[in-house]
Amino acid sequence: MTQESAAEVLRQARRIVVKVGSSLVTNEGRGLDAAAIGEWCRQLALLERGADGQAPRELVMVSSGAIAEGMKRLGWSKRPHEVSELQAAAAVGQMGLAQMYETQLSEQGLRSAQVLLTHADLADRERYLNARSTLMTLLRHQVLPVINENDTVVTDEIKVGDNDTLGALVANLIEADLLVILTDQKGLYTADPRSHPEAEFVHQARAGDPALERMAGGAGSSIGKGGMLTKIVAARRAAGSGASTVIAWGREPDALLRLAAGENIGTLLVAPTHKTQARKQWIADHLQLRGSITVDEGAAAKLRREGKSLLPIGMTQVEGDFSRGDVIAIRDGAGRELARGLANYASAEARLLCRRPSRDIAKLLGYSGGPEMVHRDNLVLTQTPAAADQ
Ligand SMILES: Nc1ncnc2c1ncn2[C@@H]1O[C@H](COP(=O)(O)OP(=O)(O)O)[C@@H](O)[C@H]1O
Ligand SMILES: N[C@@H](CCC(=O)OP(=O)(O)O)C(=O)O
């Protein structure tokens, strides 16, 4: 990829997840770094308003530091091994973390919200959709979510474990364009620069390239959790939903503003597939379909030939039991699958909507989740043109 298109990846990112590590947030464990956090918040506010001369961005912060800050507040100099002690430290530190972000963001005129997630929230389909809709709603109301793992209620077996991974899962959840991982190094080197001063800097690579994992080592300090490896794996995971990742030094002046302006100040790991393409691939590969919708000839032709959304007016029958957000099949009158897509309405609602114009949706259901049963961005044709002509 050329320098120019790298700049495009950064500049065109509209929805951005910014992850900051414990060592940065807590000044290597010395306590919450108000100046550093204030600096990121100032930049986030400019980006959120589009005050940098570009379109406004939607921003989500994933911040580590609860355990490190809790330890500091409790006067513990050594990280405990006992899970309950770690959980207690996280509970103490999270108070300080939330308070700090709330203060700093409101000073910049930004509203913020604390969101604590667990692995189960992201693994269970229903909770996943709930978390997604909460975050999307916060973004719609221009509230900046500040996310951490809910360390006080999770044990090792059911943990996401590190916030690089959590950042990637959040990027997947909200279909972000870019994951920015701010850390205590300029980015990825060919080996850990703490032990290999001769290591060379990697400016850019393809997210998911296995060679990167061989370069990355564990955490360089006792404060950080994952080290570089979890960041590289996180970039691969984020690329699954089409998000590119950039790893950069959190104390670089104007780091977020410069990145958003297209300046690659760190290591850019570019997602090989675009996010719409990634979502369509995921839909096409889905093994478990919860139900299907049969459509009339007119709707089938619109989907097949014009790439349009499926509207309720063209639906003749609804089979199965599905929820909003499930992958369903779309069939023609002969029962042949012609497409797959994400249902915008649950099966019971879809039955009420069959053959009705979209303007009646609010009247029929008491609310409207949009005029389409399946939006074209969430729809992928699975029937070959030859099969369609048979
Ligand atoms: N190839 C590498 N390039 C850069 N840093 C590396 C590499 N391998 C290991 N590291 C280490 O990873 C550390 C960053 O990870 P970590 O301490 O977990 O930070 P954070 O708290 O920001 O997540 C660096 O300080 C560095 O010592
Ligand atoms: N949830 C933990 C963060 C764990 C973690 O991944 O830390 P880091 O490697 O510094 O991003 C906390 O707030 O202490």
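Glycine is no exception: its Cβ is also placed from the backbone N, Cα and C atoms.
Feature annotation from TrEMBL assigns ATP binding site to LYS19, THR183, ASP184. Under the heading substrate binding site, TrEMBL lists SER64, ASP151, ASN163. Annotation source TrEMBL lists domain 'PUA' at 291-374.
Once the Cα atoms of LYS19, THR183, ASP184, the listed binders of ATP, are compared pairwise, the greatest separation found is 12 Å. Among the binding-site residues LYS19, ASP151, THR183, ASP184, residues whose Cβ is positioned under 6 Å from ligand 2 are identified as ASP151. Checking the binding-site residues LYS19, ASP151, ASN163, THR183, ASP184 for a CB within less than 6 Å of any atom of ligand 1 leaves THR183, ASP184, listed in sequence order. When secondary structure is read from DSSP and collapsed to three states, ASP184 (ATP binding site) falls in the coil class.
Around SER64 (substrate binding site), taking its Cβ as the centre, 29 other Cβ atoms fall within 10 Å, counting all chains.
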